[in-house]
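Worksheet: one structure, shown below.
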Amino acid sequence: MYSIAASSFFNPKLPKNLPFHNPNRPLFAIVRSLSVAQEIDKSSEERTESLGLKGLEFPAIKGAKRVVLVRHGQSTWNAEGRIQGSSDFSVLTSKGESQAETSRQMLIDDSFDICFSSPLRRSKRTAEIIWGAREEEIITDSDMREIDLYSFQGLLKHEGQAKYGEAFRQWQIDAPNFIIDGHYPVRELWARAKSCWDKILVHESKSVLVVAHNAVNQALVATAIGLGPEYFRILLQSNCGVSVLDFTPQPEGGTPNICLNRLNQTPGSPVAGGSSAGRKTSKRIVLVCHGVSESDLESSMPYTGNGPLNMLGNIQAQKIAELLLDLKVNTVVSGTKMASVETADTITKVQEAADCLGADCIPRYVETKQIPDLDVESILTQSKKDASGLQNVSSGWLNRLEDDVTTSLWDQSGKSWKHLLYELSKGSDQDNVVIAVGHPALHIAMMGHCLNLTKEWLGSFHLNAGSISVIDFPDGPSGRGVIRCINYTAHLGRWSIPITRSTQADEEY
């Protein structure tokens, strides 16, 4: 194992007057040095116009590259509820070791070329377990350490509240602007994440494993797809959760196309827990991509036929329904296409039967609705492009469609998202879980609305048939959605598309 020292790029103190975007708008560029930060005093709109949409630049790559991010397993300080930051006193618990072993099994067939790891013991040990008997050395990089939290480190959360009061409250509710000991930890972390990507992308490798921490993995995902520090705690990273990013080269060189293939695929169920980023939540939307239908193979556009579920699609629907038994579902909504309706019906029947094992019991009622606004298939088929087979391409196939098609998709999905928020708002303060079944393109666009993005981000996400994505609302439907997972497919077992795969020279993701 060998190490990379902290980059000279990392600037420990950013100026207090560093401008930040409105939290409802993505940050398009990351400040790269103190001298640059001191020169920037324009409004966020001016910066957006001068730098261009998602203007953060990355090194050009020669071929497709897949990067798999894994957070370390549960540590002793995780279990104690102690603030770790970049300290190195905690180690993996027995549960953490078991989680790392589960992740190793999840990734055992992968042909990783290289592994980068944080030098902190909890991360390095997780990397060693997952890396197993592979001969290549693990590269430790100090820039991949956890967020620096300075005086907070080592405190139990109630101790932080008692000792730091208002500063601790700001850390909880306004982390991007949180300052301690003269530092802005989240802003520093986002700058450090950009440095990590520069080193990962210039490395001569096609398949990369990165084992690090909660906050730094959030920053790596966010900076890759052009989101700023205001998205801290919005893209969850659970212990040993796996996230996958695909990078494909541009024909003219420059920054590659970047797509988040999946977020936070965990060793355990993604719907069993009741908290998001440590905050309890009783409101949740689960986006379910319907199973494969008999007419999908005949369509020039992914999943746009209107046939019934085929054998694989029925298996996918049943597996989805079984996974969702960990939830008490209130409402299931779907579009009117056969594949969506049949998938929704399977979920509803399993939910209603779940609490009814005795002979005299009365099945629990689950409200079901078919909403035409959740149908986007007719919009996609307006495209003149032959996109057959693109459902297995993770490099953002929606970006290949004509502008008028993506505009219509974006507008329609905005209406669909409002429907879901309305359904979620029912039931006062009681638990409310809404399941939405539809086309992958619809769910990608609705996640974009949830994150307050624009249609230009449609190519930044990928979903497979039979996958689920989970969005929690700890502050209720009027608050910000927290993405618990995207494109989770572990429930499909042998019928799922693998998280990782071998990369041939002529293969395109």
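Just so it is clear, glycine is given a Cβ too, placed from its N, Cα and C backbone atoms.
The shown structure was predicted, so the numbers you read here are calculated from the model rather than taken from an experiment.
Annotated in TrEMBL:
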- ARG71, HIS72, GLY73, GLN74, SER75, THR76, TRP77, ASN78, ARG122, LYS157: substrate binding site (BINDING)
- HIS72: active site, tele-phosphohistidine intermediate (ACT_SITE)
- GLU146: active site, proton donor/acceptor (ACT_SITE)
Review point. Can you tell which of ARG71, HIS72, ARG122 has the most other C-beta atoms within 10 Å, given these are the recorded positions?
Key: HIS72
Revision key, fill the gap. In chain order, residues whose C-beta lies under 8 angstroms from the C-beta of SER75 (substrate binding site), counting only those at least six residues away in the same chain, are GLN84, SER90, VAL91, LEU92, THR93, GLY96, ARG122
Study note, to complete from the structure: If we take the residues ARG71, HIS72, GLY73, GLN74, SER75, THR76, TRP77, ASN78, ARG122, LYS157 that the record assigns to substrate, their largest CA-CA distance in Å comes out at 21
Practice item. Note down the number of other Cβ atoms within 10 Å of the Cβ of TRP77 (substrate binding site), including every protein chain shown. Key: 20
**Study point:** Distance from ARG71 (substrate binding site) back to GLU146 (active site, proton donor/acceptor), taken between C-alpha atoms, in Å
**Key:** 10
Review point. What is the Cβ neighbour count of the residue listed as 'active site, proton donor/acceptor' at a 10 Å cut-off, with all protein chains included?
Key: 24
Check your understanding: If one looks at the chain holding GLY73 (substrate binding site), which residues at least 6 apart in sequence have a CB under 8 angstroms from its CB?
Key -> LEU92, THR93, LYS95, GLY96, GLU97, SER98, GLN99, ALA100, SER103, ARG122, ARG125, THR126, ILE129, ASN239, CYS240
